Amino acid sequence: MEAMEDDSLDLKDDHNHNYCASSSSSSSSSKVRTYLSSQLSDVTTVPQSACPPVPGGEPGTRGEKLWSGTTGSKFVDSDSSSESSEVSETDCTAPPAAVEGKFSLDSTSKFLLNAMAVEDYRKNHWPNLEKAIDRLLIQNPTDHISVSYAQIYSYVYKCVCQQHSELLYNDLTLKITNHLQQVSTHLQASPPEDFIENFNVALTQYTASLQCIVPVFMYLNKFYIESKLNRDLREDLMKLFADHVAEIHVNTLMPLLLEAHSMPFQVQPSTMASVVKGLHSLRPDWALLAPALFSGFIPQINPPAVESLLPDYAAHDQKLQLELSMNGFPRGDQSRKRASDDS
């Protein structure tokens, strides 16, 4: 009985609840070291089976999962073909109850993990998105380009899940800005007689492209632009056209529009309406540069009519009818007009 007590492990608890083995025998110390070593190995090992499956993808056993920090950190999937490469730390089951601490990486390891994630974005995600954006920006409204919108949507989803929203937004705006600068250069070389038509083509083509680009970047718009920047993606991209194309050429465009408006059918009415309405949607203040022009296509541009100015309105209408008749637009055959009852 005494021999068994000598071989037993005698642990003493100090005031900090640190358990220490008594120095009764060398075999007892060896057992303590073996026990603590096994517990320590449990702390630094996180079993793959502890993580739940990645939403929309394969379980956590596929590919390598890299732990990128402590509280609020994420798992980053090195396999870029999976549907989602992010699982929060809190989604994983806790370590054994005997372990109270959490494994954490130092700042150097975190920096390396972030660098790996950005490198994956630069090599895999953004190049594919850039090609799709190029094809959408150069298409004509009547063209039907084969683009996998589901694939673009998937790339955007991955970028947002991997915390690359700001990087993706900056790359997207820079890409479109460079495209619009090329459009502006092309308009600069347009002859005056074709300037209105070329501007309308550029505006129509860009607006049609946004109808495809904005929906596939829905996740970026919802979880970054709207929630953090308090803006809208389409409004931001239309502002880019106003800043880099319309504002640069508005001083050239406005006199041409006024000249075309004074000579009916010099420019197609549909083209005139498209350009004037487009300018007003980009910058409503531009209507002040030519109120008479904008009021012909957009209602409520001029101030409300007042009774005291009715004679002036009538004189303006008579002047307009006279100008039309002088430019080859007769009022028609008045002889076929039904006679009044007084005649």
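Using N, Cα and C of the backbone, Cβ positions are placed for all residues, glycine too.
In TrEMBL, annotation is done automatically, which means it is predicted and not curated.
It should be emphasised that the depicted structure is a prediction, and the values quoted were computed from it without experimental measurement.
Annotation source TrEMBL lists compositional bias 'Polar residues' at 31-48. As annotated by TrEMBL, compositional bias 'Low complexity' applies to 78-87. Taken from TrEMBL, the feature domain 'Cullin N-terminal' covers 126-254. Residues or ranges marked as region 'Disordered' by TrEMBL: 1-93.
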Three-state composition of the domain 'Cullin N-terminal' (126-254), taking helix and strand from DSSP: 105 helix, 0 strand, 24 coil
For the domain 'Cullin N-terminal' (126-254), the mean pLDDT of the predicted model: 92
